[in-house]
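> Sharing a structure, written as structure tokens. Questions coming.
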Amino acid sequence: MHLYRTHTCGQLRASDTGSKVRLSGWVHRKRDHGGLIFIDLRDHYGLTQLVVSPSTPGFDLVEHVRAESVIRVDGEVVARSAETVNPNLPTGEIEVVVRQVEVLSEAAELPLPVFGEPEYPEDIRLKYRYLDLRRETLHRNIVLRSQVIQSIRRRMIDQGFLEFQTPILTASSPEGARDFLVPSRLHPTKFYALPQAPQQFKQLLMVSGFDRYFQIAPCFRDEDLRADRSLEFYQLDVEMSFVTQDDVFAAIEPVMHGVFTEFGEGKPVTPYPFPRIPYREAIAKYGSDKPDLRNPIEMQDVSEHFRGGGFGLFARILEDAKNAVWAIPGPKGGSRAFCDRMNSWAQGEGQPGLGYIFWSDDQGGWGGPIAKNLGPEKTDGLMKALGLGQGDAAFFVAGDPKVFYKFAGAARTKVGTDLKLIDEGRFEFCWIVDFPMFEWSDEEKKYDFSHNPFSMPQGELDALLNKEPGEIVAYQYDIVCNGHELCSGAIRNHRPDVMLKAFEIAGYGPEVVEEQFGGMLNAFRHGAPPHGGLAPGIDRIVMLLAGETAIREVIAFPLNQQGQDLLMNAPSEVSEKQLKELHIRLAPPIKA
């Protein structure tokens, strides 16, 4: 017989009745029923109920053993009586009558309960993560993560992609977030950087003659944390040669659709090809470049209904040509109480308020200050244009859309959530396309790159030479699911002349480009194929599939929101000897 087990704790069935077995695992729960002790024994695979009688050798050990101690038992599989069968367990038709028991590892008093999964402070959960990971939900999430990565890898290989690894120690890059720097002992005063993404290396692989690359790549960014962002994360890094934007979409859509169908527990997934929404349309309709399409609300520009009179405040705002009035429909939100709550919410968001019109049963028509000023005829025309009628409401935001669009998008989300318009039981995908190549900086009084400086502008060099920078759009795209940006991608700028001109428009001379990106630029001078790619985030994909709201719930050993590893006590101080070897002298910040 094997030293520790003949079966796992999730394996035994009624067909095993009468078998002599050996099991090892954790004491999940212990119950004393009139002399007989019942133990739920747990391992990675499941639970098995044990029955220990006073005559069993080691019974006194079992009486005093704590939860989460590790034990080994020998015993016989017996069928449970009909009234004690547990239909919720795969092993629920049997139990093991223990003949011998040995404690392999006794547990101390637990700082964190495993059974029952009560809510517990995150700092305790992270400090004792090995206990937290024993809890069913988190354990299942980490298994799901492994399965999702296996599925992604299989689907990519089936499409002819090859998996390569790129360097972890690389050069610091000026674009994007802050780098994590690693001092070089062999080269004093110089530093490596941990990669924010394998961006330049994957492009160099295409220049090297490879055609389809992927990698489950670790990435590191020294940036502010939030629920769906971490200092270290993994992404499905992808690059392809001789492709258009459509080719990239056609390659990745079956992977995303397949993975979400496989692990989405029956929730409908957007069929591919996924909808494509131009960036400016997404901002105008949803107030966001990562819209949640489960929310049916679409905002509309209703400036013409207010221009020149009616509601004086909006009319005055519209005298400035750059301003607009946007409407946020609120189907079935037609009550003063709901409108007042929305107005209070807006004030809590730092806004002066939120204009509204609502259906008033008392008046038998539209109510609210805006309706009163517009008059019945204009108000009726406005609400009909929004597709609204009895029982509905509409909310209004006025000013410069560049300033208010994020707030308008948040109001759309708030209305959809509070009115329960969002279908939680589905995965809605879309592409956001046609991102602006450049944006004007009022602070610096110049154009700069809106997003990725290495994207190919639509129209290439001709567009850069003959269009206003603010009108140029890039072959850049994001994939969005349920309001979460899963990745960004682009068709790359593989031509040195186009790249240098793009950087020139953004205020960077050729000497700066050569200094900071000379390696890649020089490679492009030796024959570079048109290429493009993207990089969906593994953590966010698993978070959505697991139904979690924070990526820490799908990472085995995450950092907390202050960027600390409470289990391993990182970051930590290092010895003076280590600093000396690296030629580093510390200059701590002076406390005020």
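Each residue, glycine too, has its Cβ placed from N, Cα and C.
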> Have a look through Glu163, Glu265, Glu485 and flag the one Swiss-Prot assigns to the ATP site that Arg221, Asp222, Glu223, Gly537, Ile538, Asp539, Arg540 belong to.
Glu485
> Swiss-Prot lists region 'Aspartate' for one of the ranges 99-102, 115-118, 199-202; which is that range?
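It is 199-202 that Swiss-Prot describes as region 'Aspartate'.
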> For Ile538 (ATP binding site), which of the recorded positions His33, Arg221, His451 has the nearest Cα in space?
Arg221
> Have a look at the recorded positions His33, His451, Arg492 and say which one has the shortest Cα distance to Glu223 (ATP binding site).
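Considering only the listed recorded positions, the nearest one is His451.
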> Which residue, of the binding-site residues Asp222, Asp539, has its CB surrounded by the fewest other CB atoms within 10 A?
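Among the binding-site residues Asp222, Asp539, the lowest count of other Cβ atoms within 10 Å belongs to Asp222.
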> Consider the recorded positions His33, Glu485, Gly537 and say which one has the Cα lying nearest the Cα of Arg221 (L-aspartate binding site).
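That would be Gly537, nearest by Cα distance.
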> Taking only the recorded positions His33, His451, Arg492, which one has a CA atom nearest to the CA atom of Arg540 (ATP binding site)?
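Considering only the listed recorded positions, the nearest one is His451.
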